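Reading through the structure tokens given below for one structure.
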Amino acid sequence: MSEQMSPADRAKYAAAHRAAAFVEDGMRVGLGTGSTAAWLVRSLGQRQRDEGLRFRAVPTSQRTAEQAREEGIALVTLEEAGWLDLTIDGADEFDAEFNLIKGGGGALLREKIVAAASERMIVIADIGKEVGRLGAFPLPVEVIPFGWQATQRLIEETLEAADVLGREVRPRLAGGQPFVTDEGNYILDLHLGRIGQPRRLAMVLNQIPGVVENGLFVDICDMVIAGYADGRVELRDRDRGASQQDNIELPRPGNLFSDIAE
Ligand SMILES: O=C(CO)[C@H](O)[C@H](O)COP(=O)(O)O
């Protein structure tokens, strides 16, 4: 691997490269968003060039769509694809029950729709994203711009009523203005510290008027591929309840990859 890569990037690349091997000819594949997913898109582009792999992909963001086009990956809409064989995406946190926090990159809505419309979802992440309990990473909630302050207040009241300890809700900003998602919505980041019941919280949040979707992914992820800085990867399969370690020889990503390493 490239000498300039940080340990976290090496781990992300290892996980993404291993996950790319799960894509087969003719598949319809959901492509996630973020720096780990960007390594995946590069790895899949490489497989197309080296092996003649052919598949169609649904991107979860404009950012991923642009990168996939540059790699020559055939893109289709979710409407055109109908249903997907596999989605591969990053995560901000994952726990032992395969629950996730996603949306650090602001693409949680499309990411959840695409993952839920897939036979299988594989999460790729550096091992540092594993947590005993979700919640140290602020939970993103996508809200409609109309009356978003009222939605924020309703979320705060709901958290208070549910006795959630940390309940600071902050609008996400970009350049001093509200961050706008690909769907034209805003993001509120919930600083909770610790999420005791992710399934319950996900359901409660989605009942609040103005909330479009939240970044808790429960019962969606089927496999986690966790990467280590030395290139090792660990595959955890939800159905098999088993963990497998791979020591694969990683090809050097080279300078081509330096632009996508955050
Ligand atoms: O949910 C996401 C984007 O909305 C990303 O998957 C998540 O933020 C992880 O990003 P990265 O791979 O850059 O660490």
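Note: Cβ is positioned from N, Cα and C throughout, glycine not excepted.
DSSP gives E111 (active site, proton acceptor) a helix state. In sequence order, G32, T33, T60, S61, D89, K102, G103 constitute the residues six or more apart from E111 (active site, proton acceptor) in its chain with CB-CB distances below 8 Å. The active site, proton acceptor annotation in TrEMBL covers E111.
What TrEMBL lists as substrate binding site is T33, G34, S35, T36, D89, G90, A91, D92, K102, G103, G104, G105, K129. If you draw a 10 Å sphere around the CB of K102 (substrate binding site), it holds 30 other CB atoms from the protein chains shown. When secondary structure is read from DSSP and collapsed to three states, K102 (substrate binding site) falls in the coil class.
As annotated by TrEMBL, region 'Disordered' applies to 238-262.
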Output field, substrate shell: CB within 8 Å of site CB centroid, site T33, G34, S35, T36, D89, G90, A91, D92, K102, G103, G104, G105, K129 dropped: G32, A37, E111, A125
Close in space, distant in sequence - G104 (substrate binding site), Cβ under 8 Å, 6 or more apart: G34, D92, F137, P140
Cβ neighbours within the same chain of K129 (substrate binding site) - under 8 Å, at least six residues apart: A91, D92, E93, F94, A226
